[in-house]
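Here the structure comes first, spelled out in structure tokens, and everything after it is commentary.
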Amino acid sequence: KRGVTLREDDRFPCNAGNCACLPLDSYSYTCLSPTSSTANCESDECVSEDDW
């Protein structure tokens, strides 16, 4: 569904309520709170579980 990642499955990688950010300098997702800045995320977005 998303770009190249190191994840081996398609389950949402974060806890409920958080969102997944793909840092510009990394291929693995990091988890952010919805209030965090997404300036360092691919496409400036943090993907919620609903949108995963």
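Placed from the backbone N, Cα and C atoms, the Cβ positions cover glycine too.
Under the heading disulfide bond, Swiss-Prot lists C14-C31 (among others). Long-range C-beta contacts of C14 (disulfide bond), restricted to its own chain and to partners at least six residues apart, with a cutoff below 8 Å, comprise A20, Y29, C31, E49.
A strand conformation is recorded for C41 (disulfide bond) in the three-state DSSP classification. Sequence-distant neighbours of C41 (disulfide bond) (same chain, 6+ apart, CB under 8 A from its CB) are C21, L22, P23, L24, L32. Under the heading disulfide bond, Swiss-Prot lists C19-C41 (among others).
The disulfide bond annotation in Swiss-Prot covers C21-C46 (among others).
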Fewest other C-beta atoms within 10 angstroms, as judged across C19, C21, C31, C46, which are the disulfide-bonded residues: C31
